[in-house]
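Copied over from Swiss-Prot:
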type: BINDING; residues: H244, C285, C289, M296; note: Cu cation A1 binding site
type: BINDING; residues: C285, E287, C289, H293; note: Cu cation A2 binding site
type: LIPID; residues: C29; note: N-palmitoyl cysteine
type: LIPID; residues: C29; note: S-diacylglycerol cysteine
type: REGION; residues: 338-359; note: region 'Disordered'
type: SIGNAL; residues: 1-28; note: signal peptide
type: TRANSMEM; residues: 64-84; note: transmembrane segment
type: TRANSMEM; residues: 107-127; note: transmembrane segment
Amino acid sequence: MEQQNKRGLKRKALLGGVLGSGGLAMAGCEVSPPGGMIGDFLRMGWPSGITPEAVSMGNFWSWVWVAAWIIGIIMWGLMLTAIFSWNAKKAEKRGEGEFPKQLQYNVPLELVLTIVPIIIVMVLFFFTVQTQDRVTALDKNPEVTVNVTAYQWNWKFGYGELAPEFAPAGGDYDGVDEARQASAEASKIDPSGNNPIHGNSKKDMSYLHFNQIETLGTTDEVPVLVLPTNTPIEFNLASADVAHSFWVPEFLFKRDLYAHPEANKSQRVFQIDEIFEEGAFVGRCAEMCGTYHAMMNFELRTVDRETFAEYIAFRDANPDATNAQALEHIGEAPYATSTAPFVSDRTGTRDGENFQTPA
């Protein structure tokens, strides 16, 4: 009897240890998950990240799946063991009663099955908060500030502050367009006046940013946002109308954009340490925003730091030049390569080819 009790305690300890190790596997927030086909499977459709913040989220996501599979296999194993080991037919063949021996009120086992899940949830919560804090932290020293304005159904990107290395004339650079910014400020509504929605109005554009160097999307041309690699970057977001959402899938992160973000208690700024991969990455609006929401794409084009400085210098020296001309100047494809403009009329979408190639 004493030996059976010892065996039972050993089994419970083993079960607790295995379940606990599943919880501790969640602690792999900064440990790279397996690569190859196993890594692809664990990502469950998530793309590879191109920022340190995205890598942190991707690693955490993969290790949560590792822990979930460990716990799932254990629980499925216990369930199947119970199904096939203790059933009425086998008991009848053995000459036993219809029901197996009842083992309720096993206090040690109940404690294990209560405490271990609590520990797993606590570990998961801890590393969720840790990863979230890293992703949302505003502790970088950004060398490029991008002002993002969303509107139905396109995007406007403007360059605000730039580090001296990227500034056209060197030194500190503030890319604000003073005339248009002053006009926007003049539209501000007096909150003490007799105005709708607590003093805010859609005519009030004072919260938006207007810059000297901007890229504006149109129905015929997907806007291409050019950014440097290996550079801390800040994104300042706002909507000119309804709620939108700025999403680059390779960031593994999205942030909603609102009109009057401060009044709506929303954080309009996020930062990234760097983008460590050059290339073209599609960006999308991830918030249902009306009729042509599905067509509201943009492209993120990342280049090295020297090429980005050349791009900014060309845009500054040639204010009437298009973004396509600036991209050609630095040896890049002039139009988006990861997505294409959509045909917006109903008749143009019936053949399944609902996109167009820029002229």
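Cβ coordinates come from backbone N, Cα and C, glycine included.
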Of all the binding-site residues given, C285, C289, M296, which residue's CB has the most CB neighbours within 10 A?
C285
Any further residue of that chain within 8 Å (Cβ to the Cβ centroid of H244, C285, C289, M296) of the recorded Cu cation A1 site:
A150, Q152, W153, V242, S245, R284, A286, E287, M288, G290, H293
Collapsed DSSP category at H293 (Cu cation A2 binding site):
helix
Listed in sequence order, residues not in C285, E287, C289, H293 with Cβ within 8 Å of the centre of the Cu cation A2 site Cβ atoms:
A150, W153, V242, A243, H244, S245, A286, M288, G290, M296
What number of additional C-beta atoms lies within 10 angstroms of the C-beta atom of E287 (Cu cation A2 binding site)?
19
